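Summarising the annotation, TrEMBL assigns domain 'Hemerythrin-like' to 13-128.
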Amino acid sequence: MAEMMVQTPEEVIGFLKAQHDLIEDMFDEVLHASDPQAREKPFIELRQLLAVHETAEEMVVHPRLRREVDDGDAIVDGLLHEEHDAKEQLAKIESLDITSREFIRELSKLRKAVLAHAEHEESREFAKLQREVEADDLKRMGTVVKVAEAIAPTRPHAGVESAKLNLAVGPFASMLDRARDLIQHAVGVHI
């Protein structure tokens, strides 16, 4: 089973790229589960990683690109649109029977969109940050991203794709998500 946390490297770009690789592996784990019932746990872990990963990027990485790069606003706006669409797709998938063909079909579509989005981040956002931001700052950003992920909501929330909204709504959404996760784990019922 894929591990949820990426421990290395310390700087933000390497850390997020490693998470992109982990996300791809986790999609594959869900899609290729031998038993349809065996999809549930890796799907929940994938959903959680997607939620915390995007929240951290929205709170830390995107605002920095807007400040540091001339065309940063346009790049970030495009990425936020992709992130919003992915959150809506994921919400739709969560309402499906995990053992159904439709679940696999929709999750495959989401996988394709998420991996394309990750490639866009790496080629458009990360490459420019690497050129424009000092190595020490990238390392500090890595630390901040890890902190943001530790307190981020564990479920995607479409419409919350900005740093300001994540700061305003994030703590409350995170508490609700984590309470839901605990209840679900305790009673074994998907809520």
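Cβ coordinates come from backbone N, Cα and C, glycine included.
As a whole-number mean, the pLDDT of the domain 'Hemerythrin-like' (13-128) in this prediction is 93.
Per-class residue totals from DSSP over the domain 'Hemerythrin-like' (13-128), listed helix then strand then coil: 103 helix, 0 strand, 13 coil.
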